[in-house]
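What TrEMBL records for 17-36, 48-73, 85-106, 126-148, 160-177, 211-229, 241-263, 283-315, 327-346, 358-377, 382-403, 433-450 is transmembrane segment.
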Amino acid sequence: MKDLQDLNPNPLRKRDYFVVSSMLFGLFFGAGNLIFPIHLGQLAGSHWVLATLGFLVTAVLLPLLSVLAVAVTRSEGVYDIGKPLGPVFALVFMIMIHATIGPLFGTPRTATVPFSVGVQPLLPASMAHVGLLVFSVVFFGLAFLISFRESNIMTTIGKVLNPLFLLLLFSVFLLGFSHPMGSAADQAATVAYKHASFFNGFLQGYNTMDALAGLAFGVTVVTAVRQLGKTKPSSNAKVTAKAGVFATAAIGFIYVVLIWLGTTTLSTYKVSADGGVAFNQLVTYYLGGFGHALLATLLTVTCLTTAVGLVAAFAQDFHKHFPKVSYRTWLGFMCLASFGTANFGLDTIIQWSTPMLMFLYPFAMVLILLSVFSPLFDRDPVVYALVVGFTTVPAVLDMVAAFPPVVSQSAFGQALGTFQAHVLPFASLGMDWVAPAAIGAVLGLGYHFLRPVLGRTRATSSEKE
């Protein structure tokens, strides 16, 4: 099919690239991205450099690959990434991804995390539930209003919310650089990081699962770039790829600084229970009582940008494939469902949605890698089918292992766990999909490249007969 022509034939300005990159940064960077690196720095101590390198490989490179997968294949979202396996698989995969990182897991947490870390400590215990109710009404109300007009998303996140977040965050960085709490090189590492700091950092980044978000945000980024006049698929893909590089490079820089800051806190504090506590200690050390207010603001702003991305991507993808329901109706449904989950059973739903997340992640990883390298094998459906087929077994095993004890600790669950631990390499690291996927890739690529040779051989044999 011939490419559409750009509505804007001129090269984008640097300012346009900044806004798109800023928007993508804001979509990716949630509360976990802010607090995980701080805690990693505390755990790694003087081994923070190697731990950081491992963390960057998976927490920066994998999300970048998910954006590049959208760009390379000229996709418009999750559906197109799975399309080589057929429309049914693509649609089911899209629904499961959006449901899991949307109303069943990801989006409700964008409201509960800033509330529990930033607001709840200031409230009496008896007001916690009412406080969450009010906070989440305002939070998802803002997410709905920002996303109500698709053209507002890039402007609000790229020009307002994300620059505000970065300004506040860099003020903390300035304090940390000008008056460091201690020397990162002199801090003791925890046992796990003394001998395997790179690999433990690698696993910490892998477990952020930001690659899923990158696939979901693809439709939002592509739509935003179109609004700048880059409607030609090839032009849109180039802008999307460049924005992905700029955004993830900025995220990587912030990770390095956060991990270093986390390490320096060990001069004053012990290793904290989690990154939220560690970040609170950091800002309180520098700013006293105002520090907690700053932390609450940082978490709320960064979670709001992610929430906007998730609800908008959900509505855009579902409206595209179920067009009888309008974008705004899907948007309202997503916000209401996320509000309900956040207030009436988040913990229970997380227990049962986490297994789905563990089931989907191996598929997302292999589809991202296949998409990035798809020009090498012409997006051959056979290659896709073999890789995804071999990935299914470890994905199912990961899902069963993540279920609540009533399933995972049953005789059936324990039998599968034993099989997984003894048969699949890297199972203890949560990467048991790698070896089966590699086998599927070898078989699929072998078939793809040998098929023409075999075809010519058969043709020659037929002619001789």
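Cβ coordinates are placed from backbone N, Cα and C, and glycine is handled just like the others.
Whatever TrEMBL says is automated annotation, not expert-curated.
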_Tell me if the transmembrane segment (211-229) touches the transmembrane segment (48-73). I count contact as 3 or more CB pairs below 8 A, with pairs 6 or more residues apart._
yes
*asked:* Using Cβ atoms and a strict cutoff of less than 8 Å, what residues sit near the transmembrane segment (283-315) while being 6 or more residues removed from its termini?
replied: 26-31, 33-34, 77, 98, 101-102, 106-107, 110-111, 113-114, 117-119, 121-122, 139-140, 142-144, 146-147, 150, 153, 156-157, 161-162, 164-165, 168-169, 171-172, 175-176, 179, 181, 213, 216-220, 265, 268, 327-328, 330-331, 334-335, 338
*Have the transmembrane segment (211-229) and the transmembrane segment (85-106) got at least three CB pairs under 8 Å, pairs 6 or more apart in sequence?*
yes
*asked:* Please tell me whether the transmembrane segment (126-148) and the transmembrane segment (241-263) touch - that is, whether there are at least 3 C-beta pairs under 8 Å between them, with each pair 6 or more apart in sequence.
replied: no
*For the transmembrane segment (17-36): best-contacting stretch of 160-177, 241-263, 327-346, by Cβ pairs under 8 Å*: 241-263
